[in-house]
Amino acid sequence: MISGENVRGIALDILMESESKASHLVLGRTLSKYQYMDKKERSFISRLTKGTIERRLTLDAMIGSYSSVKIGKMKPLIRNLLRMTAYQIYYMPAVPDAAACNEAVTLAKKRGFRNLSGFVNGVSRSMARHKEDFQARMADDGKDIKTLSFKYAMPEWLCRRWVGAYGLENAIRTFSWFLEDHPTTVRLHRQSGEDGQADAFLETMAAEGIRTEISALIPFAFKIQGYDHLTALRPFQDGQCYIQDESSMLAVLAAGIRPSDRIIDVCAAPGGKSILASEYLKDGWIEARDLTEAKVERIRENIQRTHAEHIRTRVQDARIFVKEDEGQADIVLADLPCSGLGVIGRKPDIKYRITQEDIKALSLLQKEILAVAVRYLKPGGTLIFSTCTVSREENEENVRYMTEELGLIPESLDPYLPEALQGKGTAKGQLLLLPGAYDTDGFFIARLRRK
């Protein structure tokens, strides 16, 4: 058993590193390092760090109510220490307020900020004494942007954009969903129901005490909850399962892959779509490309772990045309760099880092890549364009660019999608999944054909 101080110290280190790196990667790497720890301790670290990052705007507002120093002027360690203390006070009722406050003071001293330990103590205890202030603000049912931003820890500009695009009720539903705990979606190979692998997987999960249910959209996908460390599970180590959201799988199903197809995946890392696509091939092939050697190495590792066939890899900038591949592909998969607004539930730091200027720049980058990707298609070939965002600039407007400027023709998605997803949009070749609508990430898919 590790002391409360040390467990919180690990959480604080994760928060500090996450100021400059993706928090889900930092957390995953850290928990891998501490596999010897008790499961409850690891769960405490996970909840404390995830929750503190998810609720950062709300926590900052409450800290600001009791601090004479603005959040942005605080030492980074003190700022993050107060945030995680506030999270324990407001969102972790099982943690005594006194323990949260005392451990915060101890950590401040141990980390070289003895001179600020009184400040940490004063702010922490003020938050604990006046918890009703927080409860009153959270109970406010106001629908103005400032209230939404506070309650759901969403930047005001994002609240304004979401309400404007999808309406108030949808915005509230989505923001609430972002803050919920979600199961992890994994997939087996697509014929797992026929060869007994699915039954064996379910038995293994049950033996490990892991809650498992089949996806409502894809028969070879499963939602799992209650595991400690997924990569330590035998089905993951043996390559039987792969972590992938249903929305991402749908982009591959939308391609309607035939056994002899030649496929280029222009932005493939970490390789999930290419690996799933390869299961439909017999004498065809898929080339999985990405920008850097590090990204392509991740693809290779996943290919090796899952024993995938028919895939070759290549380090390639998607903006640069490869002349020898002109007109060679039956299918191009273009899952392009985007703002990631659809995956805030899994990667909460996105909402603090992305800006409106970033969205404009990413939309232009996508156009640049699409103009190249189209040239790889054979006449009559299919382009699948997808993103994990919900912004019109990055989605619908770039479909219009492809039809008006690149000469592509939209094709219905209905023959390839589950009936539950079919509708007016899919008949015209587009699918927008808003976050949480089917308990999936937010995602956009379009199917287009070259003349």
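Numbering starts at 1 and runs along the chain as displayed.
Glycine too: its Cβ is placed from the backbone N, Cα and C atoms.
Annotated features, as they stand in TrEMBL:
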type     : residues                                                   : note
ACT_SITE : C388                                                       : active site, nucleophile
BINDING  : C267, A268, A269, P270, G271, G272, K273, D290, D317, D335 : S-adenosyl-L-methionine binding site
DOMAIN   : 177-451                                                    : domain 'SAM-dependent MTase RsmB/NOP-type'
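Positions of the features from TrEMBL, shown on the structure.
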residue	record	DSSP class
C267	S-adenosyl-L-methionine binding site	coil
K273	S-adenosyl-L-methionine binding site	helix
D317	S-adenosyl-L-methionine binding site	coil
C388	active site, nucleophile	coil
Longest CA-CA distance among C267, A268, A269, P270, G271, G272, K273, D290, D317, D335, per record bound to S-adenosyl-L-methionine, angstrom: 19
G271 (S-adenosyl-L-methionine binding site) CB neighbourhood, other CB atoms within 10 A: 27
Rounded Cα separation (Å) that holds between D317 (S-adenosyl-L-methionine binding site) and C388 (active site, nucleophile): 20
Listed recorded positions (C267, A269, C388), ranked by Cβ neighbours within 10 Å, top entry: C388
Taken over the domain 'SAM-dependent MTase RsmB/NOP-type' (177-451), the model's mean pLDDT: 95
G271 (S-adenosyl-L-methionine binding site) versus C388 (active site, nucleophile) - Cα distance in angstrom: 15
